[in-house]
């Protein structure tokens with residue numbers, strides 16, 4: 001029944017929105033046929049939802065049922081508009097054409113409206129009973145009707161009592177007279193017959209009447225058996241085999257199974273949620289952290305090194321980072337306009353001409369009165385119906401349930417439903433951690449900036465130059481890591497740079513002193529070398545001493 005109703009819902013959507021707009025329903029009779037069809041679908045969905053014991057199917061079925069009810073009310077409201085605002089719509093001719101009875105138009109009230117609120121209604125009744133008992137208030141049916149009027153005088157009261165008493169006595173005399181008349185008639189009939197029955201004769205007459213009744217009943221039973229044997233009369237129903245009684249018992253059993261399966265489903269949600277968090281929570285956390293860290297690096301300012309602000313929780317937090325929204329139409333138009341700026345002047349001129357022509361056309365057409373927009377039926381519940389149909393097709397249409405005879409919950413479907421919930425909870429936790437991390441990074445950047453500004457201020461005040469001995473030690477450490485033939489350009493607080501090379505390689509490097517393969521400087525291409533012309537400069541005070549025994553330095 002559920003499958004049939006969902007297929008009919010899909011057919012209804014296609015009938016309301018056909019590919020050819022000319023075939024769309026327009027007049028009242030067409031919408032009335034669609035309304036009746038929705039009523040039939042709603043009745044099927046309501047029956048299926050009431051009898052279904054699978055907890056997950058009941059959830060999806062209820063979504064489809066509520067969407068169908070909403071769409072039916074939308075069509076009903078639209079039919080009232082087409083009927084010139086009259087709420088009563090005559091659908092007799094349409095029922096005759098469709099060969100349906102008037103009971104089709106009765107809107108059934110879904111049973112879950114009362115069943116889901118049973119506890120609430122019971123609590124309300126108990127509360128009202130407690131209030132009535134507390135304040136000793138009697139119900140309206142038990143309270144006597146008191147008519148307040150002018151008080152009677154003593155004489156009037158006596159006359160009224162006497163009148164009522166005379167009426168009672170007259171009614172009693174009439175009853176006794178009727179009894180006496182009946183007895184007199186019986187005696188007169190006996191006298192006219194002239195025969196007085198004895199006790200034996202009276203007993204024989206009674207026996208004859210009883211025997212006649214018994215034989216007539218026996219013959220009637222035999223006649224009924226004959227008719228049942230030839231198939232002219234149905235057999236009497238056994239109360240134990242009554243189909244209505246069996247249906248009622250089956251309904252009660254299904255309701256009991258519904259409660260049991262629903263209770264098991266609620267318990268499974270709690271247990272499976274913990275398992276999903278335990279098995280897949282760490283992977284979810286790492287995925288979120290990786291994407292947020294990549295966003296930090298991508299959005300960091302390359303010039304200042306500042307990090308962006310983390311989105312507020314009210315704006316969704318990292319949800320926009322994990323699932324960035326698609327570009328809007330305005331941004332696409334801006335990008336297209338930016339690409340069009342590189343075109344020639346002709347393109348600009350044409351655009352200007354078109355821009356000038358459009359306002360003129362608008363001005364010419366401005367004299368016409370705006371046409372009233374055509375009213376359309378509401379379509380609020382159509383997306384809900386489409387989503388319900390798609391969910392049914394994707395989840396239940398081709399699902400093999402041969403192993404689920406008792407129609408209990410499906411653990412895999414429960415996990416699929418719980419993964420987004422667990423992911424959202426972990427995302428909120430990671431957001432809090434990443435906010436703390438981002439604040440620490442910002443504080444670190446601010447500290448580095450403040451340190452740089454402090455060093456610059458000290459240099460401006462005239463800080464003493466570092467001693468040459470410290471530079472010598474650092475140069476020796478760096479020189480040990482160099483490959484043969486590499487050069488080191490000393491930069492820092494020394495007044496002049498020095499080129500260093502090992503003594504045994506000085507002769508090989510001395511032929512092109514200060515020149516590399518390109519002739520621009522010592523060292524391999526891509527390594528640090530001396531500045532052009534630095535080797536030709538003469539130092540004041542003569543040649544410097546070598547830094548060590550194994551290294552020679554020259555300017």
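Glycine too: its Cβ is placed from the backbone N, Cα and C atoms.
The feature domain 'IQ 1' is assigned by Swiss-Prot to 154-183, with sequence analysis given as support. The domain 'IQ 2' annotation in Swiss-Prot covers 199-226 and rests on sequence analysis. What Swiss-Prot lists as region 'Disordered' is 232-255, 299-377, 450-469, 501-555. Feature annotation from Swiss-Prot assigns compositional bias 'Basic residues' to 452-464, 537-546.
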>> Based on DSSP, tally up the residues of the domain 'IQ 1' (154-183) by helix, strand and coil.
In response: 30 helix, 0 strand, 0 coil
>> Is it possible to list how many residues within the domain 'IQ 2' (199-226) are helical, extended or coil according to DSSP?
In response: 28 helix, 0 strand, 0 coil
>> Give me the DSSP three-state residue breakdown of the region 'Disordered' (232-255), ordered helix, strand, coil.
In response: 16 helix, 0 strand, 8 coil
